[in-house]
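Here is what Swiss-Prot says about this protein:
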type: ACT_SITE; residues: Glu139; note: active site, proton donor/acceptor
type: BINDING; residues: Cys143, Ala144, Ile145, Gln150, Val151, Lys152, Gly153, Tyr154, Gly155, Ala156, Tyr182, Ala183, Ile184, Gly185; note: acetyl-CoA binding site
type: COMPBIAS; residues: 1-12; note: compositional bias 'Basic and acidic residues'
type: COMPBIAS; residues: 26-37; note: compositional bias 'Basic and acidic residues'
type: DOMAIN; residues: 66-221; note: domain 'N-acetyltransferase'
type: DOMAIN; residues: 295-395; note: domain 'Bromo'
type: REGION; residues: 1-49; note: region 'Disordered'
type: SITE; residues: Glu139; note: site 'Important for catalytic activity'
Amino acid sequence: MASENNKRKASEEALSPDSQLQSKKARTDSPEREPKSEGGPLGKPPLRIVPFPEKPAVLEERRGEIEFRVVNNDGSRDSFVVLTGLKCIFQKQLPKMPKDYIARLVYDRSHLSIAIVKHPLEVVGGITYRPFNSRRFAEIVFCAISSDQQVKGYGAHLMSHLKDYVKATSPIMHFLTYADNYAIGYFKKQGFTKEITLDKSIWMGYIKDYEGGTIMQCTMLPKIRYLEIGRMLLKQKEAVHAKIRAFSRSHIIHAPPKEWKNGACKIDPLSIPAIKQSGWSPDMDELARQPRHGPNYNQLLHLLNDMQNHSAAWPFTQPVNRDEVPDYYEVIKEPMDLSTMEEKHEKDMYPTPQDFIKDAMLIFDNCRRYNNENTPYAKSANKLEKFMWQQIRNIPEWSVST
């Protein structure tokens, strides 16, 4: 746990001149674009400006229907109202978290929050985080959007606001968070990764370790304004397409084959010059038609996710730490855990349910072999194994084969 000296004091950091402005609005007006040349290379169509499709969250902010406020427990009435709204959303959207624990951290003055606020002071979502300025990272503690507001792009826009605000007001360049299996997809889309590049000496002992959660990291780029990243990527895409068009012949319209004059008939694709020049072959077509995953992939994925989210899965989410349990690998010669199973599943290494069950049983048998039957570890193994078989029995085609 972090020492008191490392905590952000409301009077020193949260209310510093750089962050006194508690309401932060994005400059989301589209910058003027330079007019593009009407003409182009001979025989090439003129370049067209592709309009940038703004998300509903951006349009609502531009119209003043929502705003993004950075708040902490500074004693003001408005801040208390916003923090209370955030607390209620977190408690509703994160039911596995103790309510008193959520309230304690949201109102903690060492934490800051950025909230999406509708008028008058109606909170629809937000992020609570704890900054560690001297260590140049922040821990995202809670992140949630109201369940009836999750289709407008609020989550992505909120994260972009947070990144730009933190970069502008502090030396922080990294975020760390613990995500459950349902939140990993969201954080991946926001630039987070399971690969932790920050040295453990920087963050170990400073952030809360959640059982069953996956630690993820996001490192910000200093020259990027994240609220404009969508428009920036569109410009890059247009530039790449312009380069391609300078050498491409894909815009040329070819006359249909003469064989089609009297109706459709079967022809050899390689007899068409344009197809032959493209380098296409029948093998490529056959390869493209092959399924990406095996027939059991999706059902196994659901089963694995259900097992990872089970309350008894906490001892099995990651490989046993050799430093914490030195003799474990002397006793257990074939170690297995749920994260390793997830990696194997992503690589299609479970062609049949039996292959999946074999590794799962390895987890339970290893646990019971190393631990006494009265330990919490062995009891968790029994509970999770029982749950797994219950789920398998709900899939008729599996229950016959297994």
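For all residues, glycine too, the Cβ spot is worked out from N, Cα and C.
If you compare every pair of Cα atoms in Cys143, Ala144, Ile145, Gln150, Val151, Lys152, Gly153, Tyr154, Gly155, Ala156, Tyr182, Ala183, Ile184, Gly185, the residues listed for acetyl-CoA, the longest distance is 19 angstrom.
On its own chain, Tyr182 (acetyl-CoA binding site) has Asn309 as residues at least 6 apart in sequence with a Cβ closer than 8 Å to its own Cβ. Across the domain 'Bromo' (295-395), DSSP classifies residues as 64 helix, 0 strand, 37 coil. Residues near Ile184 (acetyl-CoA binding site) in space but far in sequence (CB under 8 A, at least 6 apart, same chain), listed by position: Lys194, Thr214, Met216.
Classification of Gly155 (acetyl-CoA binding site) by DSSP places it within a helix. Less than 8 angstroms from the CB of Ile145 (acetyl-CoA binding site) sit Ile89, Gln93, Ile116, Val124, Gly125, Tyr154, Gly155, Leu158, each of them six or more residues away in the same chain. For the pair formed by the residue listed as 'active site, proton donor/acceptor' and Gly153 (acetyl-CoA binding site), distance between Cα atoms is given as 22 Å, rounded to the nearest Å. When the binding-site residues Cys143, Val151 are compared by the number of other C-beta atoms lying within 10 angstroms of their own C-beta, Val151 comes out lowest.
Within the same chain, residues at least 6 positions away in sequence whose Cβ sits under 8 Å from that of Gly153 (acetyl-CoA binding site) are Lys55, Pro56, Ala57, Val58. A sphere of 10 angstroms centred on the C-beta of Gly155 (acetyl-CoA binding site) encloses 21 other C-beta atoms.
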